[in-house]
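Peer 1: Next up is a structure, given as structure tokens.
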């Protein structure tokens with residue numbers, strides 16, 4: 001399923017809004033709406049007499065006078081299918097509760113008194129950039145609807161990945177990812193993965209839906225920026241700020257503040273990750289991370305501070321390689337005739353504590369056995385006497401880097417025609433989890449030394 005189909009309502013509404021600009025009676029200079037700096041606007045206006053203050057006021061008033069019935073259409077349609085499909089793709093059970101804003105549900109008790117509590121949190125900040133000139137291209141109601149559709153899509157994606165919307169600040173959203181279950185089982189990484197996957201999907205929405213729609217009718221340089229970081233339990237304090245009636249339960253942490261700074265440093269339609277989060281997952285610059293460039297040089301640090309006593313605080317920032325990472329997520333995988341079911345267990349036979357796994361959905365502890373159950377179905381008219389399944393391991397991270405060639409290896413399994421059932425060949429291969437980080441199993445199908453189905457990735461986070 002494509003992103004456009006996944007977020008069908010958002011795609012349709014963005015298309016409707018963007019095309020309404022064509023019918024506006026006011027004629028603005030097209031160069032006004034390109035990606036140049038805003039100071040070019042005044043120059044553009046000086047060259048055109050048809051842009052009058054009276055005309056612009058009339059344009060504003062026309063939108064403001066819309067009927068109540070018309071204004072009801074400003075409420076975005078929810079993409080329930082997107083939430084459901086995303087949760088299915090990552091093996092998450094249905095989420096019954098409607099999303100709420102404000103205090104995180106696990107800290108509601110702090111609203112009643114002046115106590116504080118500790119608890120880890122993954123904080124995500126997202127904001128819309130480059131939208132200032134939309135008000136010159138569209139009516140205020142369409143600008144509102146345009147921004148609100150983006151905000152609504154972000155909220156639904158956050159909800160799909162078990163996040164909690166804490167604040168909406170104009171055209172920005174602040175969300176928390178955490179759960180008591182992950183805290184109790186020491187699987188904070190799962191909340192980190194949820195936040196990254198959430199952000200990656202919504203960047204893809206901007207790239208595949210919003211950006212193309214708006215570019216059809218105007219040269220708007222619109223996008224979003226996302227910053228994410230992890231604060232572990234002993235470094236995050238939850239408490240009730242304010243006075244009764246004017247109060248908010250929120251998280252206080254260096255890492256919450258850093259997430260906000262990362263968002264401001266992120267390039268358009270990009271995700272910036274903090275050092276603590278990256279180290280927790282075991283990611284490295286060699287796999288799915290890079291550095292933002294500043295004056296042609298890597299901009300490695302979001303904080304680089306030397307105190308009066310000459311002690312130095314340095315905190316790294318990383319840019320997620322969006323296209324590379326999204327390509328291994330369920331909706332980024334290329335169509336393939338190879339189908340794979342992944343599971344893991346405590347023993348090689350798969351008898352003890354067996355669990356299903358979905359690409360990039362959660363962490364698996366070291367020492368577990370992962371089973372890859374691969375199938376390949378012959379098409380009409382095909383008949384293979386034998387097929388070879390190739391299982392190719394590609395490891396990443398500091399743990400694996402200490403081994404020769406990262407301990408990368410291949411295993412080939414040959415299946416004869418008499419072993420297939422109803423035209424379906426099956427091969428099963430098992431590997432033990434050994435190295436922290438994001439590791440991959442690439443599976444392909446070969447006949448007579450010719451690849452008949454290219455590699456598909458099975459990507460697993462190992463704790």
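Cβ coordinates are placed from backbone N, Cα and C, and glycine is handled just like the others.
Quick paste of what Swiss-Prot says about this protein:
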- 122-231: domain 'Guanylate cyclase' (DOMAIN)
- 125: ribonucleoside 5'-triphosphate binding site (BINDING)
- 127, 128, 171: Mn(2+) 2 binding site (BINDING)
- 127, 171: Mn(2+) 1 binding site (BINDING)
- 334-454: region 'AGS-C domain' (REGION)
Peer 1: Out of 125, 127, 128, 171, which of these binding-site residues shows the lowest number of other CB atoms within 10 Å of its CB?
Peer 2: 171
Peer 1: Averaging the per-residue pLDDT over the domain 'Guanylate cyclase' (122-231), what integer do you get?
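Peer 2: Value for the domain 'Guanylate cyclase' (122-231), mean pLDDT as a whole number: 92.
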Peer 1: Rounded to an integer, what is the Cα-Cα distance in Å between residue 171 (Mn(2+) 2 binding site) and residue 125 (ribonucleoside 5'-triphosphate binding site)?
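Peer 2: For residue 171 (Mn(2+) 2 binding site) versus residue 125 (ribonucleoside 5'-triphosphate binding site), the Cα atoms are 11 Å apart.
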Peer 1: Using DSSP, break the domain 'Guanylate cyclase' (122-231) down into helix, strand and coil residues and give each count.
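Peer 2: Summed by class, the stretch gives 58 helix, 28 strand, 24 coil.
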Peer 1: An 8 Å radius from the center of the 127, 128, 171 Cβ atoms defines the neighbourhood of the Mn(2+) 2 site; name the other residues of that chain inside it, in order.
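Peer 2: After dropping the recorded site residues, what remains is 126, 129, 131, 147, 150, 151, 170, 172, 173, 224.
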Peer 1: What does the DSSP secondary structure composition of the region 'AGS-C domain' (334-454) look like, as residue counts for helix, strand and coil?
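Peer 2: Reading the DSSP string over the region 'AGS-C domain' (334-454) gives 12 helix, 65 strand, 44 coil.
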